[in-house]
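Going by TrEMBL, these are the annotated features:
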{"type": "DOMAIN", "residues": "B:44-153", "note": "domain 'PurM-like N-terminal'"}
{"type": "BINDING", "residues": "B:D46, B:D91, B:D227", "note": "Mg(2+) 3 binding site"}
{"type": "BINDING", "residues": "B:D46, B:S61, B:D91", "note": "Mg(2+) 4 binding site"}
{"type": "BINDING", "residues": "B:D63, B:D138", "note": "Mg(2+) 1 binding site"}
{"type": "BINDING", "residues": "B:D63, B:D91", "note": "Mg(2+) 2 binding site"}
{"type": "BINDING", "residues": "B:H70, B:D278, B:Y334", "note": "substrate binding site"}
{"type": "BINDING", "residues": "B:G137, B:D138, B:R162, B:S229", "note": "ATP binding site"}
{"type": "DOMAIN", "residues": "B:166-319", "note": "domain 'PurM-like C-terminal'"}
{"type": "BINDING", "residues": "B:D230", "note": "Mg(2+) 5 binding site"}
Number of protein chains: 2
Amino acid sequence: MSDSGQLSEFDIIARYFADIDGGTTVGTTVDTTAGQSAVTLGVGDDCALLSLPPGQQLALSIDTLVSGRHFPENANPYQLAERALAVSISDLAAMGATPLAFTLALTLPAVDTQWLDGFSRGLRAAAQAYKLPLMGGDTTQGPLSLTVQVHGSVSAQTALKRSAAKPGDAIFVSGTIGDAAVALAMIQGRLTVDQAQQNFLNQRFYQPSARLDIGQGLLGLANAAIDISDGLLADLAHIAKASQLAAVVNVDQLPLSSVIKAVVEKPQALAYALSGGDDYELCFTAPPENRALIKTLGQQLGVPITEVGTMLAGSGVSCIDASGGDVSVDASGYQHFNHSE
Amino acid sequence: MSDSGQLSEFDIIARYFADIDGGTTVGTTVDTTAGQSAVTLGVGDDCALLSLPPGQQLALSIDTLVSGRHFPENANPYQLAERALAVSISDLAAMGATPLAFTLALTLPAVDTQWLDGFSRGLRAAAQAYKLPLMGGDTTQGPLSLTVQVHGSVSAQTALKRSAAKPGDAIFVSGTIGDAAVALAMIQGRLTVDQAQQNFLNQRFYQPSARLDIGQGLLGLANAAIDISDGLLADLAHIAKASQLAAVVNVDQLPLSSVIKAVVEKPQALAYALSGGDDYELCFTAPPENRALIKTLGQQLGVPITEVGTMLAGSGVSCIDASGGDVSVDASGYQHFNHSE
């Protein structure tokens, strides 16, 4: 660490985090369309205060990233901050929520000004990109970890809940899936790729896009949604279980990037697409009659949306291929605490 | 650790945390007076959903406690949970907010069912006492730490902000102060006390009361408030700085418990009361004409409220004694990251 600790907690906040406003201005009313923040009182009091548009509920999600478990100890702090915020915002996207503000609890082994500089710049860039001001936080000393809580607004009536899938719903996926799992294989040295492929995969892994615009566009069109963090099969299983339905995925319809098709064989590509996590695309279910509108939404936003299966009466997730035959796959996704030694 | 990890994250949530509802019931409307929760969608979706009463703002505060820094590694998990929640709720009290719900990010080295049992029971007890349901969280593997975010409702117009003290305001303190610092001296073996004193001090340290009822009762009576976590002088300095005023404290008016007076000499008792943290009493400023109403509030709630000083034009915090003479004290409070080796 490049600095042994002359800065107090107050100094750290003032120097690195005080101006992360996501490009919004703090006011006393909420008019987010005018670039005004919903934050009516920010960092520096016992509590921060946040306003909600009338008739809306607060949507929130909290996530912790621990050094050595969720990211390597020497991870680039700029990328770490950018990715942490995008991953949390992805949960807002999966509800169809509009972002309002976030909080950050940062635990650092020591005051490292170089690390803090990179981290705060990455955080500022992501906050700006998603128009999400930092409204409060805590800075403590200890093993490196960060906890981000994101806050958005949504109507409870239209929010995209996991439990709201209906029998006969078509299942859709945004973007392409499996890329982050391939990227991880590359980063860990299990796969060799060319420079253009490496750039694409690094971007997919380190700079995932939270699909906020898709989530908001799906309000009224889709019934249920989830973001793909643990792998399509594992995340779709959450929708199936919460909705008390079965999900059937046609593996020949999975949206695969040209890079994944170029660097691994098809069975391996499908395994990554089905069970690889960290893509942060949306998986959602919608009545089949909304197909055309959903396709148009994807075209307007410049993100492919692909139909990959159907929700049916029953339970569990199963896979078929284009011929209609059953396909055997390992349906388990990533779970913390599993098989700890 | 008594269990090497056969439980998944989902199992842990289901077994230990699913029923921490603070004695409220989840509904679709907010009527907290009827024991109905503001949580409209709880644990188990991408986001939790929270409703706010019309015209109110969301007040929130996030705090991290790290093992080995904020509590000993072998701390009693029941007391740890109870104290962590009370300390966070104290921030709601200092704004005059009404509690709505909390989130918890828990990082554990391994799945220890005995620890989780104690921790979740302590959390459940505190949630029940403060009527605060757990609305979401994250469980990860890593060095022991916990991050709690509490959410309440308050009107931005009447919230007790640090910046709203006025020249001529009287300064008040709830309860007695310095007890937690004396308790810490006892726990660390620097002080010997009898059994009754030990019981009192343990309770003051491990089971602080968040002064929610006082904070809410002060809405419309007080101008500014803060909870005493870093010591009276340090916390009052935050009010003075944010309000661009000076604060003068009369050390002979400080409310001291009979125990602190019995176990240490007066100069030491005053030093603990001025600079010792962790009491979680409220310090607030109010127009002198509200003295009688404030005293009545304390009597109604069974908590002494004591006038200890005055806000004046100027800056900084200074102390006088009953004779009116200046008293020299070390005004620095506890700060994370100071003097790290």
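Note that Cβ sites are derived from N, Cα and C of the backbone, with glycine treated the same way.
Note: TrEMBL annotation is automatic and uncurated.
Where TrEMBL records a feature, it is marked here on the structure.
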residue: B:S61; record: Mg(2+) 4 binding site; DSSP class: strand
residue: B:H70; record: substrate binding site; DSSP class: coil
residue: B:D91; record: Mg(2+) 3 binding site; DSSP class: helix
residue: B:G137; record: ATP binding site; DSSP class: strand
residue: B:R162; record: ATP binding site; DSSP class: helix
residue: B:D227; record: Mg(2+) 3 binding site; DSSP class: strand
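B:D227 (Mg(2+) 3 binding site): 27 other CB atoms within 10 A of its CB, across all protein chains.
Taken together, the residues of the domain 'PurM-like C-terminal' (B:166-319) have an average pLDDT of 96.
Of B:R162, B:S229, B:D230, B:D278, listed as binding-site residues, those near chain A by the criterion of a Cβ under 8 Å from one of its Cβ atoms are B:R162. The binding-site residues under consideration are B:D91, B:D230. Their Cβ neighbour counts within 10 Å are lowest for B:D230. Between the binding-site residues B:D46, B:D63, B:D278, B:D46 has the most other Cβ atoms inside 10 Å of its own Cβ, all protein chains included. Residue pair B:D278 (substrate binding site) / B:S229 (ATP binding site) shows a Cα separation of 5 Å.
The DSSP secondary structure for B:D46 (Mg(2+) 3 binding site) is coil.
The sparsest Cβ neighbourhood within 10 Å, among the listed binding-site residues (B:H70, B:R162), is found at B:H70. Sequence-distant neighbours of B:G137 (ATP binding site) (same chain, 6+ residues apart, CB-CB distance under 8 A): B:I13, B:F17, B:V43, B:T103, B:L104, B:A105, B:L106. With the fewest other Cβ atoms inside 10 Å of its Cβ, the least crowded of the binding-site residues B:S61, B:S229 in this structure is B:S229. Residues B:G137, B:D138, B:R162, B:S229, recorded as binding ATP, reach a greatest CA to CA spacing of 31 Å. Closest in space to B:D91 (Mg(2+) 3 binding site), of the binding-site residues given as B:S61, B:H70, B:R162, B:S229, B:D230, is B:S61, taking the CA atom of each residue.
Across the structure, B:D46 (Mg(2+) 3 binding site) and B:D138 (Mg(2+) 1 binding site) place their CA atoms 11 angstrom apart. Of the candidate binding-site residues, B:D63, B:D227, B:D230, the one lying closest to B:R162 (ATP binding site) when CA atoms are compared is B:D227. When the binding-site residues B:S61, B:H70, B:D227, B:D230 are ranked by how far their Cα is from the Cα of B:D138 (Mg(2+) 1 binding site), B:S61 comes first. Counting every protein chain shown, the Cβ of B:D138 (Mg(2+) 1 binding site) has 21 other Cβ atoms within 10 Å.
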